[in-house]
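Participant: What follows is a structure written as structure tokens; I'll ask about it next.
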């Protein structure tokens, strides 16, 4: 398996009230992911709240993760930033710290042109000198990659994968067929959006970039294995157990729900970075109810 | 006139290749604005590229501006940030440094709920203890304020104005009538989007938050004075001279065009923060052509 394939688990980045990393808690999250046999770790992705952290905290987070993982699981790290300068610096730092790959989303304030995004990726991929996955996440970045831009980026050195959002029409197979025809043979097309993961993998997606696997890696790995083996019945069964949680991810955003899950799993309390709010007690109870079927999944 | 009324001019923040402020050039921009008699300066707005600057550079920029302006023109400063903590810190710093008012946009990565935006504004307005204008700029923040949220925010201490985007249906009067009915009597409703300024002011808008006035304050002031005096014919004439520039603002984004204008006006070369690219030579020539009619405006 190459780097951007299988189950990539995205942990939260736990911080205290001053925005400083809580390294022991991060390492507890990482140990669960390694133990469950995830294929990679997606550190400092959207779930890892990279957009809310200073470059200094991001660098410390990466070092704490490298120390804990110690090569047991490949480590991908998000290096997106509003400026190319900062993203280049983070990409260089990621290589120096020992990351295996990069994840780059085109964060934006002024809406970006295709040419600006291309040049940004070109610069950051060159600075990082590591395999890089295009983080296509219009829900947070407000930038949508068309197939032509993905194909152009896939020609760049180091750019070896894309993390796609779920297609609006649900036609995973058609979308992948179009993208495969435009990209090199070893270019890996994976998906995020946990509620579509089963369908994406069954349709031939290379990777599930998974929010939930950051805290519940075992059932996520079981779903991934079943789907990648073409075992649709098992994949459907496990996905069905996840369904109540998927509904809450869609209703409240997976980022907010993940913080509630840490609490329910008995980890020490952490809160999302303001302005993001902690879910209220009624929502919290609904997350608790949604987790129940997952405890019964045979993994 | 109160703080958030009349012509508010938004300068660029000139920086060098390392992202450090060029204070002398900033002060040259500010001197033009003061000399032209703008009613306020909107420092570190979207045109001032606040989203791309570190908090440290933003604080230094504010100090350089305060020193230069020396109370001659009221100074409003953008304190938006992806986290509430950083925005609160900038708001406190703005008061300490001597700003007259704050401009707050709900920058976002994870899409925000209305409640999250409300709490964010409540916290930042309390920290700043200065008159605060709600910066409603969906084109950059991807957050749209509904009238109910604006009305709720207008009840908060210090929140005294809103900077609205141009209404999609062009019905300025209708929109202002609805908002006035829901907000306190002294709440100021102004507009950004330079190409709609003439109509917004003629329809009773309290303020033009103007990009172009950052570099061409004289014709912008002439347009403002004509429109606020109800002199539609003069306002139309001046707006007509601006029309070629408005077309380029809409085509390329005003932020990119403003950098080309600095060059055409003969200031030392500055570039936008990457990933934003400098306009190419063909576009540059078009900006030059668009500026020509403005030199003939009698102000």
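Counting starts with 1 at the first residue shown.
Every residue gets a Cβ built from N, Cα and C, even glycine.
Residues or ranges marked as active site, proton donor/acceptor in TrEMBL: B:135. Annotation comment: TrEMBL describes B:163 as active site, schiff-base intermediate with substrate. Look at TrEMBL and you will find B:47 tagged as pyruvate binding site.
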Participant: Going by DSSP, give the three-state secondary structure for residue B:47 (pyruvate binding site).
Facilitator: coil
Participant: Compute the C-alpha separation of residue B:135 (active site, proton donor/acceptor) from residue B:163 (active site, schiff-base intermediate with substrate), stating it in Å without decimals.
Facilitator: 5
Participant: Cβ distance under 8 Å to residue B:163 (active site, schiff-base intermediate with substrate), same chain, sequence separation 6 or more: which residues?
Facilitator: B:4, B:103, B:133, B:134, B:135, B:136, B:137, B:190, B:191, B:192, B:207, B:209
Participant: Let me check the 10 A CB neighbour count of residue B:135 (active site, proton donor/acceptor). How many other CB atoms are there?
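Facilitator: So the number of other Cβ atoms within 10 Å of residue B:135 (active site, proton donor/acceptor) is 27.
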Participant: May I ask which residues of the same chain, at least 6 positions away in sequence, place their Cβ under 8 angstroms from the Cβ of the residue listed as 'pyruvate binding site'?
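Facilitator: Result: B:10, B:11, B:12, B:211, B:214, B:254, B:255, B:258.
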